[in-house]
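Here's the structure we're looking at; comments come further down.
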Amino acid sequence: MISYTNYSLLPPNCKNAALLSESAPYKLLVVFKASANAIAVGIFIFLAFTKPHTRIYHPNTRIIALITCIFMFLMALQHACFYSFETWRISFPYADPCERLWPTPALFSLRVMSGVFLIGLNSSFVILCIERLVCVLRISNYEESSRPALVATIVISTTALFSVVLILLCIPGVDWDEKLAVTTIRNSNNTANFQIMLIYMFALECVGVLFFSFLNFWSRSYRERIRGTKIAGTNCNLLFIKTNPSLSVKFQIEETIEMVRLFLPVVSVNCALNILTYLAALISNEIWPIHSIPTDLQMVLYELDFISRLSPFFTSLLLARGIGQLRRLLCCSATEQRTKVILNSNKDQDDHFNRLKQMFETGAMAQRKNTH
């Protein structure tokens, strides 16, 4: 390892890059985050190729769930690549410390890319909640509202719109010709904009948690009320699926419960990590003002504060647990796996509906016996 002892002869950014290359705590944090996100990438790939058991049938729900999982995977991949390159940048034995500097356009692109994927993930969560709320309001005929292309367009358009806003908020004060030693694009001209983005992300995640919590409460309560009852309709067959498979009221409720069971832990953990990140950044800035400590210590605090960049690791584990593949992932016996939720066509819908109907009717009979 090369040690740069005569820092006074180096330009400021090159000096800071040399300090980072000699900071063991910073290297440890970067390697840890690179490893955690690389593991998350592997978990997502593993889950993509696991054998399907149970299906998400409604096309609107299916496309949003697919886009959500794609954004989770892209976040993990982006963080893994970014921190792997950062590990190489500060560890490679460059003779000239100035060779360790980040080109501003490359760093800006990677940081904005991370923000875009986070916006897409949060937007997908909120739109998934809205889709399930629409299902609640139109539960007797929602099976007729199958527009996956329109739903996908809404998710992608929302992500694109707010991504443009993100870029416009980040651009002020960026010197595109300057090379940077640190891995942040924040400066004195866009600090206030970063605060706006943090507040927006925080609000979006809180809305997602509230929506999913409401759906969880409503769906479970409604399921208990309608167990054993026959819901008749003049214009559509809600209980009996004949030649053309359709979704029943009970089926829609069960699918909503499965969606909440799968994604509520993910949304909650993402929200909690971002809240902790925001609070940690505020506290560390109050205790150690950014210009009063060396750059290497600044970046150590920065990486300690931003625990939200470990969210792909936790969400991948939660997703594996939610679809019943965690024990298999950990090479354990999978004799009591939970139901796995995946994306598939409607060809097995008849059998699945019959199982649901039997479950509801059995529950109702048990309740009547208890009352007598």
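Please read every residue number as a count from 1 along the shown chain.
The backbone N, Cα and C atoms fix where each Cβ goes, glycine too.
The feature transmembrane segment is assigned by TrEMBL to 28-49, 61-85, 105-128, 149-174, 194-218, 262-281.
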Segment-segment contact (the transmembrane segment (105-128); the transmembrane segment (194-218)) at 3 or more Cβ pairs under 8 Å: yes
Distal contacts, the transmembrane segment (28-49) - CB-CB under 8 A, six or more residues away: 69, 72-73, 76-77, 79-80, 83-84, 86-87, 90, 300, 303-304, 309-310, 312-313, 315-317, 319-320, 323, 325, 329
